[in-house]
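Inspection log for the structure reproduced underneath, given as structure tokens.
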Amino acid sequence: MLNTVLMVILTLLILSILVVVHEWGHYIVAKKTGVYVIEFAIGMGPVLFSRQGKETRFSIRALPIGGFCRMYGENEDEEEEVEPESLPIEVDESRSFQNKSKGQRLAILVAGAAMNIIFAYLCLVVVFLLKGTGLGPSLLNGVQATVSFGGTIFQSLGMLVTGQLGLNDFAGPIGMVGMVSSFYQYGFAALLTFTALISVNLGVINLLPLPALDGGQALILIIEKITGKELDPKKAATINYIGFMALMGLALVIAVNDVLRIMG
């Protein structure tokens, strides 16, 4: 029982680190492009601790399930929801996410996935170093392994689309506990390799051109750039909402399959 609890905690820790890495990518590029970042949070739910920086509020929240980077004007209605007097400084409208160029917004959107892939690469370099491989070969092997992981994920997605794989073949956070436990038995290097795989997976999935994902929002920006026409904000919000609910439904199905697999 104690071992199961420890594996659950370790799984949550790995997932939280990867989500924080993802959001940190958004944060860095947002700051570089001049977007005002309202809050950078580790975890979700009620605030346990927070510190107000010069501009951004940094917080730790009660539920250890990820985090978020909240940017001013990220959503069309955001500027109406945020009271100017509640911010530590006066924010010029030029610092709104929506008022940045499409190229800048695109860079912010893909930065999260890019950071996940970079993090995975660094993890794999460490793995090769731990195995006694020299620095030069480890750097090269890290690239090859990262690309290989990405290829495997795309292949799995292709097999899902063509029906060669079903949702039963995929695992969610619940199913990950068993995987973490298995890799943990083989030592730190094995667990770090698994972490790298999940990080690449998170990056790739977020780049898919699906509503509510970074890739879906990026696709809208690209289409707007090509056509020269802006998508109606309300329609975009509706599309993202539908996409979000669909993803939540998919996550629920995978979670149920995880539970049934454990019980069976």
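Cβ coordinates are placed from backbone N, Cα and C, and glycine is handled just like the others.
TrEMBL has this to say about the protein:
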type     : residues : note
TRANSMEM : 6-24     : transmembrane segment
DOMAIN   : 11-249   : domain 'Peptidase M50'
TRANSMEM : 106-130  : transmembrane segment
TRANSMEM : 142-162  : transmembrane segment
TRANSMEM : 183-205  : transmembrane segment
TRANSMEM : 239-260  : transmembrane segment
Same-chain residue ranges lying at least 6 outside the transmembrane segment (106-130) that approach it to Cβ under 8 Å: 18, 21-26, 28-30, 33, 35, 71, 97, 100, 137-139, 141-143, 145-146, 149-150, 188-189, 192-193, 195-197, 199-200, 202-204, 206-207, 214-215, 217-218, 221-222
Same-chain residues at least 6 beyond the ends of the transmembrane segment (142-162) whose Cβ lies under 8 Å from its Cβ atoms: 117, 120-122, 124-125, 128, 169-170, 196-197, 200-201, 204-205, 208
